[in-house]
Amino acid sequence: MTETASGPARSSRAKGTKAGKGLRVERVHTTPGVHPYDEVAWERRDVVMTNWRDGSVNFEQRGVEFPEFWSVNAVNIVTSKYFRGAVGTPQREVSLKQLIDRIVKTYRKAGEDNKYFASPADAEIFEHELAYALLHQIFSFNSPVWFNVGTPQPQQVSACFILSVDDSMESILDWYKEEGMIFKGGSGAGLNLSRIRSSKELLSSGGNASGPVSFMRGADASAGTIKSGGATRRAAKMVILDVDHPDIEDFIQTKVKEEEKIRALRDAGFDMDLGGDDITSVQYQNANNSVRVNDTFMKAVQDGGKFGLTSRMTGEVIEEVDAKALFRKMAEAAWACADPGIQYDDTINAWHTCPESGRINGSNPCSEYMHLDNTSCNLASLNLMKFLKDDGKGNQSFDAERFSKVVELVITAMDISICFADFPTQKIGENTRAFRQLGIGYANLGALLMATGHAYDSDGGRALAGAITSLMTGTSYRRSAELAAIVGPYDGYARNAKPHLRVMKQHSDENAKAVRMDDLDTPIWAAATEAWQDVLRLGEKNGFRNSQASVIAPTGTIGLAMSCDTTGLEPDLALVKFKKLVGGGSMQIVNGTVPQALRRLGYQEEQIEAIVAHIAENGNVIDAPGLKPEHYEVFDCAMGERSISAMGHVRMMAAIQPWISGALSKTVNLPESATVEDVEEVYFEAWKMGVKALAIYRDNCKVGQPLSAKTKTVKDTEKAEITEKTEAAIRETVEKVVEYRPVRKRLPKGRPGITTSFTVGGAEGYMTANSYPDDGLGEVFLKMSKQGSTLAGMMDAFSIAVSVGLQYGVPLETYVSKFTNMRFEPAGMTDDPDVRMAQSIVDYIFRRLALDFLPFETRSALGIHSAEERQRHLETGSYEPSDDELDVEGLAQSAPRAQELVAVATPKAEAEAAKPAPQQAHTSAELVEMQLGIQADAPLCFSCGTKMQRAGSCYICEGCGSTSGCS
C-alpha cells in the first residue's frame, strides 16, 4: 500500500515537523483520475426499524444512499448508528458518501498537518484508498470513530480504556467520576483494584479498612445509574483483583451470592430477568469480574501447595491458603454464575513492550486491550473474507500481499488519529499520546475457515488462523517502524527500547517455530517471516511509532456493518441464517461458506446442491446425502448437535495468541451439563497453552438468561413410547391437507370447576375456573369488588373474553405468557403460598391458572413453579419431580386441548407429514433456537427487543447493531 522514503528518526515531541520525505502511497484498489465512489452503482433505500414485539418504530430515515451491494442489515445499522445530525433536519447525513468523507478527510488533513505524507498527491491517494476500503467493507474503524470524527463534538476515537485506583478516598472517588465520564461517551473501562487495602488490614485510625469489594458496590451502582439514565446499551465495565489479595475469596463470591439472591427473589415473584424492573436492586451486575493469577499460584495449584495472601501496605504474607482449594472456588463461582474470568499475569507481562514505564495491571471490559494504567486504545478490524481468492471451482488462495498493504494503510490511519483525538481525562490523553497504543484485528475468521474447508478445531484451521495473525501483527510493527523513521518513535520508546525489541524477537521466534500445514497457510507464513525480519531490522534502526499494534476485539456493531458472518475469532453460530430483503421481509439462507467449503473439499455441483438442501431443511450436516463423515467437522458451529468443544475454543486462542500484542476477547461456552472440573480444566489448560485471559459461560447458569426451551423427559423409554403414540395419533387424525376454520366447543351443562379465593395487595377476589370433563380449562369467572362497580364490570368483560378464546382453542399457555408480569395496582403480597408476590391481579390469575392446568414442562419454561417445586430446587438443584413422583396419566390429562376444526371444501391432498406449526423467528440467533430446541445464551436488545447473540465476551444485536461491549 505504501512505501517509505527514509529519514532520520526523531522524537514525536517535535509536533509533526518532518525529518524525511514522508510516506509514498501506492494505489492498490483505486484508479488514477477516478474517485472510488464513481466506480460503484448507488441506490436510495428507506430505513425503517421497528420493535417486532410491539410494532413500534424505533428509527426511520427514508431515501438514504448506499451502494447496491450493501446488505439491508448493514444499511440499517450504519444509518441508525453512525449517521450524524438530527433526523429530518438539513444537518442529517443522508449518504454513505457523507459519512466516509467526514472520516477520511479528517484523517487526511491530520496526516498532512503532522507531515506523514511525502506530497499532496500521496495524501490524496491515502484518502482514496481509505475511502475505497471503507466503502467496500474491507475493514472498519471502531464505533467511536464513526460516531465522533469530523463532527463538532470531541474527537474521541478510542473504544477501550484502562483506569487505575490507589488506596485513598480521593483516588477512589476519582475512579467513580472517570468511569462515569467514559460510560457517558459510550465506551468501556476496566481497572485493577489490588492496590486498595483489604478488609483484613488496619487504617491509620486503628479501624479495619473497607476493602475493594465494598467500594465495588458504589462503582456498580454508578454504572447502573448511567445506563438507566438514557444509554441504549449496558455500561461496559471490568474489575480485576490479584489472586494474592487478602480479600480474594470475597471478590470471587460477590456474584455467586447475588445470583442466589436473584433466584430467591425470582421465586418470590419479582421480575429478575436481565433488564427487568427488579434486577436493579441486586448488586455487582454491571461489571465483568476477573481474577489476575500469577505463575506462582498456578504452580501451587499444580503441586497442591500453599499460597500466600499479601498485605497491600507492607507486602508481607498475612495469610496462607490452599492454592488448589482457592482455584476450586474460582471454578465453582464461574460454573455457578460465569464470573470471575481469569487473567494470567506473568504471561501478560512477559509480552509487555514497556515494562520500564510500569506493569500491565488491568484490561478493558472485553479483556483484549492490556497495557499501562490510564491509557486507551483505538481499534480497527479487517474483514478476512475480502482477501479470499476463490475461482468458484474449489481453487482458493489468501491474498497475503493485498492483506499486508491494507494493514499498512489501516495502521497509518490509526496512528494519525491519535494526533487529533480527544480523551476523557488528562492522564489518559497524556499517556495515550506518549505510547500510541493501536489495536488492529480482524473479523470473519470462522467464516474464512469454513469457506476454505478447515474445521475450526483442527490443526489446519489453527495453522491458517495463526499465519494470518502473524502476518497482520508483523506487518503492523513493520509499518510502525517505518513511521518512526518519519515522525519519530513513541515518547516512551527510548526508555523501553530493549524490552520492546525483546518482545519483537519473541513474536519472530514463535513465527519460525510454527508448523506449516497446507497450500493455503504456507505462503502466508512465508510473507509473515519476511515481515518479522523487517521488523527486527527496522526496529533496531528506527524504533517504533507504537507500543502496541494488535488485539482481537469482539467486532460487534462493526462486524455487522461489514456484513460479516462471524465476529472476531468466533466460529459460525449456525449453518442457516436470516437474510433481510430490500423492501421488507426476510428469508432463511444456508451460509455461502458452505458451498465454498464443499467445492474446496472436492464435491461435485449435484452433490453440493443435495447437501445444501439437507442443511436448509435440517440445520445441520448429519446424514447429509453424499457428505463424508470425516468432513462433518468442517461444518461444526458454536451451537448445535456438533458444537465445538470448550477445549476447541481454547486451542484456537492459543494458536493465535503468540502474534497478538494484547489479548483476545473470547468467552468459552460450556453446555449446561458441564461440571466444575470442566471449568478447572479450561482455566488450567489455557494457562499452560499461553493464553492471556478468558472467561467461561455455562448455559443456563444465570437467572437473567432466558429459560431453556428444551424440555426434559420423564425417561428415555417413556419418551420413545410417547413419541410413537403421538405419531400414530397424528397419522390417524390428519388424513387430508385442508383449509380449516375454528369452531367453538362449548362446555356441557354440568362441568367440573375450582373456586379459589385470593388477596393481592389487600384486594380480595374469587376466581372460578371450569373445565371440560376430560380436556382442560374452558372458562374463567372473576369476582372483584361490589356488583355494578367499574372494576367488577371490567373483570366480567375480561372473563368473558378469555373464556370465549379458550373455547375457540386459544391455548392457555398463550394467555399465561401474555398476561403474567403485567404491572398495575393492586399489586404485592398474596395469601397464596404458590404465588407469594403478584405484580397485578391479572399476573396472579394467570400464574394460578398455569399452576392448576398447565403441564410442568410448559409452565416451567415460563418460570412458574409451585412452592413445593421451589423447595425441591433448593434441596436438589432441580424443579422437576423425581421419576417415582411423576403422574404420567395426570400429565396426559392436563395436556393442552387440540383445537377442533371444521373443513371448508378444498381439493383433496394427501398429507406428507405432520410437523409442528412453524414459529416465527426474526434473527439468526432465534432461528438457531428453533432448529436446536434450545435458547441461546443472550438477553433481549434494549433498543429493538430482538434476541442478541454472543460476540466474543459481549453481545451484539443482529437487528439494529446495538452491542453490550465497546466495538
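Each residue, glycine too, has its Cβ placed from N, Cα and C.
Annotation source Swiss-Prot lists region 'Disordered' at 1-23.
Summarising the annotation, Swiss-Prot assigns substrate binding site to S143, A159, C160, G188, N364, P365, C366, S367, E368, P554, T555, G556, T557, I558 and lists similarity to another entry as the type of evidence. The secondary structure of C366 (substrate binding site), as reduced to three states from DSSP, is coil rather than helix or strand.
When other Cβ atoms within 10 Å of the Cβ of C160 (substrate binding site) are tallied across all protein chains shown, the result is 34. Under the DSSP three-state reduction, C160 (substrate binding site) is assigned to strand. The feature disulfide bond is assigned by Swiss-Prot to C160-C377, with similarity to another entry given as support.
Around the Cβ of N364 (substrate binding site), 36 further Cβ atoms fall within 10 Å across all displayed protein chains. Look at Swiss-Prot and you will find N364 (among others) tagged as active site, proton acceptor, backed by similarity to another entry.
The active site, cysteine radical intermediate feature in Swiss-Prot is assigned to C366; the stated evidence is similarity to another entry.
Swiss-Prot lists E368 (among others) with the feature active site, proton acceptor, giving similarity to another entry as the kind of evidence.
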### Task
Give the number of CB atoms, excluding that of S143 (substrate binding site) itself, located within 10 Å of its CB.
23
### Message
Test of understanding: give the count of other CB atoms lying within 10 angstroms of the CB of C377 (disulfide bond).
### Response
29
#### Entry: Closest of C160, N364, C366, T557 to C377 (disulfide bond), Cα positions, binding-site residues only
C160
### Summary
binding-site residues considered: T555, T557; fewest surrounding Cβ atoms within 10 Å belongs to T557
### DSSP three-state assignment for C377 (disulfide bond)
strand
